[in-house]
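Reading through the structure tokens given below for one structure.
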Amino acid sequence: MAVSQTFPPGPAHEPASALMEPCARSLAEGFLEEELRLNAELSQLQFPEPVGVIYNPVDYAWEPHRNYVTRYCQGPKEVLFLGMNPGPFGMAQTGVPFGEVNVVRDWLGIGGSVLSPPQEHPKRPVLGLECPQSEVSGARFWGFFRTLCGQPQVFFRHCFVHNLCPLLFLAPSGRNLTPADLPAKHREQLLSICDAALCRQVQLLGVRLVVGVGRLAEQRARRALAGLTPEVQVEGLLHPSPRSPQANKGWETAARERLQELGLLPLLTDEGSVRPTP
């Protein structure tokens, strides 16, 4: 049986019009509007087996998600770190990409009410910032930048973090499914819509470099942004997943070396604006 989810801007969050000032729209409001547009487009899709349940934290965790965007996306961004889609113990709980609970609450300073998704899998309850499970990928990702940057404002001065796809897919057993696990036809329908949204988001933020976190995110970004004017550079970064033997050998060291190759370390550690290495 196909699974269909709807994500209307209903009681889970304010209507789109409430994000807009009468005379001017901020960059953060524009970004949130693009996310709501993407939600509306994705709500028309249906997904067959192996998908059992779909979560969209941009909907039910709207309050902390909105707080994340409005606090840290106030101006143009040179660099966008792009994940693929939410994890069950990260963004699915907090509404923040790679959003390990402790980092979101204690370092990023993000809070807010998290509602229950329309359909909740009993093995993957949404507990919001009370979730006791730590997401290893998120703890590694944000923990690295916490050590490198010191304060969130240093990181977000030139950078932002976003997921290509806002949806989390679960099998009937509760097992996490990545977009790569979906049937080819449905995967392409999903990611084509997300690709188009990424183009709009990158142009809105003025991004010059997209760093795909993981091979699939990098590949989709290259495909989506090919031929975009002005040109956007796309590079890759090893995913911090605990399922990656390479990441388990020392993701932080690998990440630092990669950022140094890309010329990004000065951008993340001092006040000067340093352009990414072409």
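Numbering starts at 1 and runs along the chain as displayed.
Glycine residues also receive a Cβ, built from the backbone N, Cα and C atoms like all the rest.
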Swiss-Prot annotation (region 'DNA-binding') - matching range among 173-187, 233-247: 173-187
For the region 'DNA-binding' (173-187), sequence-distant contacts whose Cβ falls under 8 Å of one of its Cβ atoms, 6 or more beyond its ends: 45-48, 50-52, 84-85, 87-88, 121-124, 165, 216
Other CB atoms, at most 10 A from the CB of MET84 (substrate binding site): 23
Residues in the region 'DNA-binding' (173-187) grouped by DSSP into helix, strand and remaining coil: 7 helix, 2 strand, 6 coil
